[in-house]
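*Asks:* This is the structure I want to talk about, given as structure tokens.
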Amino acid sequence: MSKLTTGSFSIEDLESVQITINNVIGAAKEAADEKAKDLGPMGPSAWPGLATYRDDWNLKLLDRYEPVITPMCDQCCYCTYGPCDLSNNKRGACGIDMLGHNGREFFLRVITGTACHAAHGRHLLDHLIEVFGEDLPLKLGQSDVLTPNITITTGQRPMTLGEIKPAMEHTEEQLTQLLATVHAGQESAEIDYDSKALFSGSLDHVGMEISDIVQIAALDFPKADPEAPLIEMGVGTIDKEKPFLCVIGHNVGGVTYMMDYMEEHDLTGKMELGGLCCTAIDLTRYKEADRRAPYTKVIGSMSQELKIIRSGLPDVIVVDEQCVRGDIVPEAQKLGIPVIASNAKIMYGLPNRDEQDVDATIEELKSGAIPGAVILDYDKLGEISVRLTQEMHPLREAAGLRKIASDEQMKEWVDKCADCGSCYLVCPEELEIPEAMKHAKEGDYSYLVDLHDQCIGCRRCEQVCKKEIPILSVIEKASQKVIAEEKGWMRAGRGQVSDAEIRAEGLNLVMGTTPGIIAIIGCPNYGDGAKSVYYIAEEFLKRNFIVVGTGCGAMDMGMYKDENGQTLYERFPGGFQSGGLVNIGSCVSNAHITGAAQKVAGIFGGRTMEGNLAEIADYVLNRVGACGLAWGAFSQKASSIGTGCNIYGIPAVLGPHSSKYRRALISKNYDDEKWKVYDARSGEEMAIPPAPEFLLITAETWQEAIPMMAKACIRPSDNSMGRSIKLTHWMELHQKYIGGMPEDWWKFIRTEADLPLAKRAELMKKLEEEHGWEIDWKRKKIISGPKIKFDVSAQPTNLKRLCKGA
């Protein structure tokens, strides 16, 4: 009897047939395991479970980078025993303490983010297999290492859409196991919640990788293209005379049908299609592999959602999933904007119109009989959204709904202000709204204009205003001239970093001569406005760091211009190279950032990638200078993305609001025992500098964050030239933004060649006078003093099993 492993079959016109079905669910994994036998060397951790990485890697990280807990309150309200007071080392009725409770709270946010990306990947994978078939090849650019995160986790190297399914199933299976641990009466140790969070973070990067590679392959996105087209950005790029279809969310699956309908009916020049959040980024990637002239627009990040609705410009809004405001329907309804929900994860209580005739649905929405509809049938979605936009435009124009308030209405709002200060007290950014309103009463709106860029559009101020002033609308009305000029450029998301780019830059990164990789990712919950991200990126680009971006961070970097009127994307090349600005893509493209570091270990370092997370992460931690920045992190996805970076040894700096995630990972840089590793050549212990000194930390200002990130790119394996370059940048940036010399700069000196060249003599004098080091001034050499010996051939590792003779 033949055995069916995967695929499908049909039986017709047969009698007395017996069908035996055994392990259907595991069939895909069995087939993948059979194929894996031909792949070559395999690491020890393929198909990991909750405990797989715990002792071999996670606890080693957590021993050096100890969790620092920042509780939001002293109570646990998790079950009906509670609420329980956990202050002063008390335990709850179930036995859990404050550490365990907060470990669980942080972990819950990480697995929520992981589930969000995994569900995104599952939706796209199933949809694209249905459309293109399982045999569609994964063409992602000129690379052999196509799926580093999948390969490290499962040991597999999928080459088609269908071959991704086992990795998807494994991620979903482990998410179920992880979710089970948050139930009352399960895990209670904070350290094990942290270990599980790290594991969940690694799975998050698998889910993101699946999400992006399937859409790159099937939807003809740019494929590791450093010259991907430049895309127009900003509200000012929207032609107000044309119908405007606005899309919001992260899943581009349905949007491609709108674009297809527009192209088939020659409408691309007759109406505007633009978006917010990552759907905006991905719609500008659709069919851009051949660098065709783009016609879609990026409006901005999540902080712009309510602002664009209040402007009255959208004629129809289509939402899909993730980072979409919960008040879009009532806000849009005030201005006669129909809302279409195109994904089952956000349905807003709207009626489903999948089974209704297209014309009837358009008429129902156009008449205002319903505020919106759920349309999950993508063919209908494409037609209805485009046609409805064209029909709504003249109706809303005639009704005066496509513009913000009149000057008279503005004056009436401003004059109502009682200067009570309630708006200031609830503003998460502590904006000086009362002060701005006071000046506005005197006819000076400039103070309101200054608030526009810093305002995150949350509307908390409006909800406490006793005079019911629509404060966000007041700010936006005052800023109309500025908004009309909001025009930037962003390079379309290019996808992965190619193997060739890794080979070209790998040596420079490992030796330290390219100072490091700065990854600017995450949400727009900035403490001081979006321009801070621009300043940070510009500073590192001018210093020849590689700056990579995704999502809201990638958008906001492109919204500001220099004195010559150029954006960063116009000023700097798009390749993964020293001084390059690389827009990887949307949020799910973050997997390619960790993937780039993993490729350095696999391609340049020659490490086995298959099922070998600990060894790859160990290589990155000790050798690859990289630091992430999630300056406006707000979501659960941001916590899972950052935690996935952390397990691979990549530190991340978060903005001032991020202490609300409840956990940081910070080392004791003064404890020499924490800064010892093995030399793989002999197995002997060797001292290393405290680098990087954190894995997850918050900064109060962008000026504080910059030197912190430069320092976080120092690695134990830097050669002398690389160490000198990195110390030069760190010390100069510390002087520029903090003032003075860093207190611990001397800990990173192994030999006089490590010292910044321009200040070598001055620093040697400080080492002699302030730290008691012995200097031979005739030869200008350090004779004694450093605790760390320099050996260019040393092989630092945290894993005893990698040592010779182990």
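Every residue gets a Cβ built from N, Cα and C, even glycine.
Sharing the record's features from Swiss-Prot:
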{"type": "BINDING", "residues": "C73, C77", "note": "[4Fe-4S] cluster 1 binding site"}
{"type": "BINDING", "residues": "C76, C79, C84, C94", "note": "[4Fe-4S] cluster 2 binding site"}
{"type": "BINDING", "residues": "H117", "note": "CO binding site"}
{"type": "BINDING", "residues": "H250, C278, C323, C523, C552, C587", "note": "[Ni-4Fe-4S] cluster binding site"}
{"type": "BINDING", "residues": "C417, C420, C423, C465", "note": "[4Fe-4S] cluster 3 binding site"}
{"type": "BINDING", "residues": "C427, C455, C458, C461", "note": "[4Fe-4S] cluster 4 binding site"}
{"type": "DOMAIN", "residues": "407-436", "note": "domain '4Fe-4S ferredoxin-type 1'"}
{"type": "DOMAIN", "residues": "445-475", "note": "domain '4Fe-4S ferredoxin-type 2'"}
*Asks:* So among C76, C427, C455, C552, all listed as binding-site residues, which is physically nearest to H117 (CO binding site)? Use the C-alpha atoms.
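*Replies:* It is C552, whose Cα lies nearest.
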*Asks:* Near the domain '4Fe-4S ferredoxin-type 2' (445-475), which residues from the same chain, at least 6 beyond its ends, have a CB less than 8 A from one of its CBs?
*Replies:* 303-307, 310, 327, 404-405, 410, 413-414, 416-418, 420, 422-423, 425-429, 431-433, 435-437, 439, 482-483, 524-526, 528-531
*Asks:* Would you say which of the binding-site residues C73, C323, C552 has the most Cβ atoms within 10 Å of its own Cβ?
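*Replies:* Checking each of C73, C323, C552, the winner is C552.
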*Asks:* What binding-site residues in the list H250, C278, C423, C427, C458, C461 lie within 10 angstroms of C76 ([4Fe-4S] cluster 2 binding site), counting C-alpha atoms?
*Replies:* none
*Asks:* Please classify the secondary structure at C423 ([4Fe-4S] cluster 3 binding site) using three-state DSSP.
*Replies:* helix
*Asks:* I need the nearest neighbour of H250 ([Ni-4Fe-4S] cluster binding site) among the binding-site residues C73, C77, C427, C465, using C-alpha distances.
*Replies:* C427
*Asks:* Under 8 Å between C-beta atoms and at least six apart in sequence, can you list the same-chain neighbours of C461 ([4Fe-4S] cluster 4 binding site), or say none if there are none?
*Replies:* S422, C423, V426, C427, I433, I471, L472
*Asks:* With a radius of 8 angstroms around the mean position of the C-beta atoms of C417, C420, C423, C465, what other residues of the same chain does the [4Fe-4S] cluster 3 site pick up?
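*Replies:* Apart from the listed residues, the neighbours are A418, D419, G421, S422, I433, P434, M437, C461, V464, K466, K467, I469, I471.
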*Asks:* Just name the winner among C278, C420, C458, C465 (the binding-site residues) by count of other CB atoms within 10 A of its CB.
*Replies:* C278
*Asks:* With the cut-off set at 10 Å between Cβ atoms, which of these binding-site residues ends up with the most neighbours? Options: C77, C84, C523, C587.
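*Replies:* The most densely surrounded of these binding-site residues is C587.
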*Asks:* List only the single closest residue to C523 ([Ni-4Fe-4S] cluster binding site), chosen from the binding-site residues C73, C79, C84, C458, C465 by CA-CA distance.
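*Replies:* Sorting the binding-site residues by distance from C523 ([Ni-4Fe-4S] cluster binding site), the top entry is C458.
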